[in-house]
Amino acid sequence: MTVTASAATTETQPYRWRWVALFVILAAEVMDLLDALVTTIAAPTIQKELGGSDSVVQWLGAGYTLAMAVGLITGGRLGDLFGRKRMFVIGALGFTAASLLCGVAMSPEMLIASRVLQGLFGAVMLPQGLGLIKEMFPPQDMGKAFGMFGPVMTISSVGGPVLAGWLVDADFFGTGWRMIFLINLPIGLAAALAGLRFLPEYRLSNATRLDLVGVALVSLASFLLIYPLIQGRELGWPAWTFVSMAASIVMFAIFGQYEARRARSGKDPLVTPGLFRKRAFTGGLVAGLAFFSGMMGLGLVFNLYTQLGLGFTPLEAGLTGLPQALGGVAGFGLAMSGLQEKLGRGLLQIGTAVMAAGAAALALTIHLAGVDVSGWQLAPSLAFVGIGMGLTMAPFFDIVLAGVEPHESGSASGTLTAIQQLGGALGTAVLGTLFFNLLARQWSFGSSMQVTVWVEVGLLALTFALSYLLPRKARPGESGH
């Protein structure tokens, strides 16, 4: 089945295999979410086996999320141009092949390069699913279809770290950590084959053109920022690291000027420049960058602390983080029970406050319990961190997108998702470097962890302050989607 934008609007019958196709799309979402989580659990084991410096641990996560960030918007446009089904299958097969390369990597460099490939193919695969859902489902079923994402992502976030820890500890067939990547092979192949069979082909008749120069500029700007943040500490912070970070600011400015000029000339920019003149949207981007940086960075450092500092096995580390994941489920459920519609922006502010209180309690617990702290002692504070995280994330996208016009929501949503991924890379770089730098100065694991947690509290305070720039409520009819 192949349709264009004009044909799609005249369809009288919904796509026959839409529910089966939805599960194919969800399988791809599960692969992406698991791969974003599992390396934080397996990183110490990977470094121990493959060797390499501490920066390897950071690049395992940052390489993936950075590639995803710079590729997401272009990935969506590739689907518009060449067909969503085709690009979904190509993305799934490429992601699977990259997972195989990760699983057989014999050096840190090969593994990091393979992680970047995973991120790039993930950026091709994931945007197609959301576009297909909007085409396959009639309006009365759209909410049910998008509602499936919540439970699936929740189960993945709860089970992912535990599964990763179990796979590493179980050491099936002597594969050890490699199984966290090899497990993608049957899932990815099944998703690709099922996609060929059950996904409809769809492309826009008036698709926007690719902005490859814009992609190159923003990729270079991001790399000039992230690379010195990760590598600078080990190299003694030579002058070029600061020059590189300054150059990244210049490159982002050049990118902005290029996009504005492209828009004025009637061409399709990678990012709509007019969005950045809207205070609510710009505030939302900065708030998102702060929030997701802290969330992802703290996740990495906490797993390093439990395994390297407390001597937990990967499985024990995964189980220790379970209260936070379950708290996230509870927070998301509370938000979806009607609080999001009732409180709007206030729910986001309550969430950041609860998360900050939980993080402060975590730092206090580590301080009081010392080197003998147990997972049970950490559980209450982690649960509050998770509840706050769920309460914050549930309304975040809808509240920010309420600050743009309806016809701008597609571009704004893509930009916001890219910022989420960029925040993950930035947080991994900054908080990871801070943690390793403190350890290098002979600080204890507990003290280094406490400082990192207090930085996260500061980022949450910044998120809270910036939230006052956001609209008070989500746009009617969009809450929870």
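All residue numbers here begin at 1 and follow the chain in the order shown.
Note that Cβ sites are derived from N, Cα and C of the backbone, with glycine treated the same way.
Please treat TrEMBL annotations as automatic predictions, because they have not gone through curation.
It should be emphasised that the depicted structure is a prediction, and the values quoted were computed from it without experimental measurement.
Per TrEMBL, the features are:
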type	residues	note
DOMAIN	21-475	domain 'Major facilitator superfamily (MFS) profile'
TRANSMEM	20-44	transmembrane segment
TRANSMEM	56-75	transmembrane segment
TRANSMEM	87-106	transmembrane segment
TRANSMEM	145-167	transmembrane segment
TRANSMEM	179-200	transmembrane segment
TRANSMEM	212-230	transmembrane segment
TRANSMEM	236-258	transmembrane segment
TRANSMEM	279-305	transmembrane segment
TRANSMEM	347-370	transmembrane segment
TRANSMEM	382-404	transmembrane segment
TRANSMEM	416-439	transmembrane segment
TRANSMEM	451-470	transmembrane segment
* To do: Could you give the residue numbers and ranges of same-chain residues that sit at least 6 residues beyond the transmembrane segment (279-305) on either side and whose C-beta is under 8 angstroms from one of its C-beta atoms?
  => 37, 40-41, 43-44, 57-58, 61, 65, 161, 317, 321, 352, 359, 389, 392, 396, 399-400, 402-404, 412, 415-416, 419-420, 422-424, 426-432, 435, 445-446, 448-449, 452-453, 455-456, 459-460, 462-463, 466-467, 469-471
* the transmembrane segment (382-404) and the transmembrane segment (451-470): do they have three or more Cβ pairs under 8 Å, with pairs 6 or more apart in sequence? -> yes
* Asked: Of the listed stretches (56-75, 87-106, 145-167, 212-230, 347-370), which one yields the highest count of Cβ-Cβ distances below 8 Å with the transmembrane segment (382-404)?
  -> 347-370
* Under 8 Å, at least three CB pairs between the transmembrane segment (416-439) and the transmembrane segment (179-200) (pairs 6 or more apart)? -> no
* **Candidate ranges 56-75, 145-167, 212-230, 347-370 - greatest C-beta contact count to the transmembrane segment (179-200) (under 8 angstroms)** => 145-167
* Structure fact -> When pLDDT is averaged across the domain 'Major facilitator superfamily (MFS) profile' (21-475), the result is 90
* Is it the case that the transmembrane segment (56-75) and the transmembrane segment (212-230) have 3 or more CB pairs under 8 Å, with pairs at least 6 apart in sequence? -> yes
